[in-house]
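Down below is the structure, laid out as structure tokens.
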Amino acid sequence: MTTFSEKEKIQLLADIVELQTENNNEIDVCNYLKDLFDKYDIKSEILKVNEHRANIVAEIGNGSPILALSGHMDVVDAGNQDNWTYPPFQLTEKAGKLYGRGTTDMKGGLMALVITLIELKEQNQLPQGTIRLLATAGEEKEQEGAKLLADKGYLDDVDGLIIAEPTGSGIYYAHKGSMSCKVTATGKAVHSSVPFIGDNAIDTLLEFYNLFKEKYSELKQQDTKHELDVAPMFKSLIGKEISEEDANYASGLTAVCSIINGGKQFNSVPDEASLEFNVRPVPEYDNDFIESFFQNIINDVDSNKLSLDIPSNHRPVTSDKNSKLITTIKDVASSYVEQDEIFVSALVGATDASSFLGDNKDNVDLAIFGPGNPLMAHQIDEYIEKDMYLKYIDIFKEASIKYLKEK
């Protein structure tokens, strides 16, 4: 029994794909969803981050238990649209695939949750408790929307949280954090013909980087026991088991130097240079440890010439991989997906859960699970399989009913 036809479900997704929310303008999706919820007498509220960025919260049912369903409304930049086979901000159906920016990451998952909420309400299928939909702004960068909702207490009373990021057949109970660490070196600019009276910031930065590589290598040799196991995820993505050595490396802390800047012209000694790292913290080596790790190296080199800035700081998230929510989704999904394709794993990426759960994480059942192939995220010609999009609506409905009934 459904409220929406297949054609209507696809059109609802098409409507929000057309709303261009490239790292901004989520307010347009909020207004669209507010009108949709009003049509079905579902109470909702828009909470602004700023003039153009906002969240929307909608709720059905009452009392406990409370299941939160979440998805983000922002998408990454479409890049050069001439490189797309189909217009990125117009849903195109072709050979069983729905093309468009955000179809996989993650307007497909978000609209599946919205339809779930409406159909459960319209069909009076909620056995007990509350379902709270949290549609967020700014997940792709700083998680501003999730932080706002957490600060306002929207996660304080939840028992379970489903984040419908594209996971295919994977069900994730935990993930690493994500930190952006920028190290800046300062020196003294002079003409390059007299470098001895200046101070080359690049030299200081290289000294830092060489010591960083040495210390990081030593740390990885000690990093052998992990709470998070990401091996099942990699097996699914590459189609085979990865080696124990690779699994150990991937499940631990990782740090990558991804941006380097220094110098403005060839005949001047640079007075500033910087390195930017993306670090993926884990429970054993958390964000506080990472900050101290960088600062200690800076102190060893020269704290008068080096400084550390952390513009992005998201913590790792853990939960029980055998929780009621995980087992419920696994049981329900097995009726729609081949049993041997379903797996439970930790995730190497980060989600809004980092900002949502905070100190409350041990009390919440977490499942990151949604339609879409994660390898399609951020790609040109991004698409979601039509059957998967439609199928996951039914999975979300059944899993929500079962979880609230049995929790």
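Using the three backbone atoms N, Cα and C, a Cβ is placed for every residue, glycine included.
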Given that Swiss-Prot lists His72, Asp105 as binding Zn(2+) 1, which residue among Glu18, Glu22, Glu165 does it place in the same site?
Glu165
Can you tell which of the binding-site residues (His72, His378) has the fewest other C-beta atoms within 10 angstroms of its C-beta?
His378
Residue among recorded positions Asp74, Asp105, Glu165 with Cα closest to the Cα of Glu139 (active site, proton acceptor):
Asp74
Checking the contact step here: among the recorded positions His72, Asp74, Asp105, which have a Cα within 10 Å of the Cα of His378 (Zn(2+) 2 binding site)?
Asp105
Quick one: which residues besides Asp105, Glu140, His378 have a Cβ within 8 Å of the Zn(2+) 2 site's Cβ centroid, in sequence order?
Val75, Val76, Gly102, Met106, Ala377
If one measures from the C-alpha of Glu140 (Zn(2+) 2 binding site) to the C-alpha of His72 (Zn(2+) 1 binding site), what distance in angstrom results, rounded to a whole number?
8
